[in-house]
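Engineer: Before we start, here is the structure in question, set down as structure tokens.
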Amino acid sequence: IMRSKGAFVFVLLGALTAYYVYSPIPNNIEERWKLMLTDSFFRSLIQLAELSERMGLLHYMKVMMFITIAERVVPVSDERVQVSDENFDGVEVIVYQPSQQEESGELRRAIIYLHGGGWCLGSSRMGPYDLLARHMVTELNAVIVAVEYRLAPVYHFPAQFEDVYRVVKFIFHADVLKGYHINPERIAVSGDSAGGNLAAAVAQQLQKDPEQHIQLKAQALIYPVLQALDLNTPSYQQNQHMPILPRTLMVRFWSEYFTSDKSFLRAMMANRHNNHESAALLKFVNWSSYLPDSYHQTYNYSAPSVVTGKSSVHSIGPHHLLADPRASPLLVPDTALHLLPKAYVLTCEYDVLRDDGLMYVTRLRNAGVDVTHEHYPGGFHGALMFITWPTDFDIGHRMMDNFVSWLKQNL
């Protein structure tokens, strides 16, 4: 009897484990079972964060910050890469540069890199970002400036953008360029996810700055988030339960970026957060106009609802920020796009943000910008971060190699 009870408990635990770990992941995603196991950890953390917040113990994002803490490393110099913590105009940065100066005295490329994490999480001091920065230094003989911008919910928009913009303008100072042996004509801004959002916004704002005489040569956007007006595009619908970044988490990131007001979060979850000001800009994120036909699939375009009157969520709060292109770079008119630097845009099929990137590719090309678009049919959000043990995925390494190869040829 004891043996049969033990067998029953073993089978039950096995069934519960399989039920919890298993998630419906498309067959063409590589290393599916590894991704299932990885995602089971993410889902556990999300559920713990929700429970903690409901019980009044810890804020949702404080629990989610465990990912950042678990991946944290101390970037140190080695025989090939010199690493230093610096302060650029009041903003903390980590500077990676070659340990040896070129005997020819040739000036170096520079990449300002902005980490992802939904403006709420993440750090340049996470192991994958440290590895990426070192790889760029050695492969490109470049200076990498990784920005530790302020995070929500302690700091809401536009704090993150302002931090990054200050760093970029600081680097453009003649004495800084000289001190780091940077060629002012070979500077790029890049980032993944929320970092891609900030990179795109910075590139746009520099073009509008009358005091700015140095311009970026390139922008590299890795599965960027680019608009907050329509959170029900085909990719948001298709991938709402996909690993790593389900729709509910991405909407939560957007909401926390703007405010901690839960009524705004509920409105965004229902895609009923637009007001008359943002509604006038919906034409710039109309996916039926800007997505290639193959991505329309069986979805039919329906413009997001526009709430009028004095509802609680629109009478005060962040609704006026929805129309700010520093938060949603897709919202600028075509005339503001044509002078932008050449772009690299990476998108993944199984990512709620896929259509943001695809629409920006279309709009940039329509404006005459030189765009390289790299789409991963089996890709998922955050894959570039999976390049270190134990979450080491082949697709992450391919993404890193292809991204750095583009920089080598275009910067």
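Start at 1 and count along the chain as shown; that gives each residue its number.
Any Cβ shown, glycine's included, is placed from N, Cα and C.
Relevant sequence annotations retrieved from TrEMBL are reproduced here:
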- S193: active site (ACT_SITE)
- D351: active site (ACT_SITE)
- H381: active site (ACT_SITE)
- 111-265: domain 'Alpha/beta hydrolase fold-3' (DOMAIN)
- 319-384: domain 'Alpha/beta hydrolase fold-3' (DOMAIN)
Engineer: By a simple count, how many Cβ atoms lie within 10 Å of the Cβ of S193 (active site), its own Cβ left out?
Structural biologist: 28
Engineer: Across the domain 'Alpha/beta hydrolase fold-3' (319-384), what are the DSSP residue counts per state (helix, strand, coil)?
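Structural biologist: Across the domain 'Alpha/beta hydrolase fold-3' (319-384), the residues distribute as 26 helix, 19 strand, 21 coil.
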Engineer: Sorted by position, what residues of the same chain at least six away from H381 (active site) have a C-beta under 8 A from it?
Structural biologist: S193, Y223, M242, P243, I244, L245, C348, Y350, D351, V352, L353
Engineer: Within the domain 'Alpha/beta hydrolase fold-3' (111-265) only, compute the mean pLDDT.
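Structural biologist: Mean pLDDT for the domain 'Alpha/beta hydrolase fold-3' (111-265): 97.
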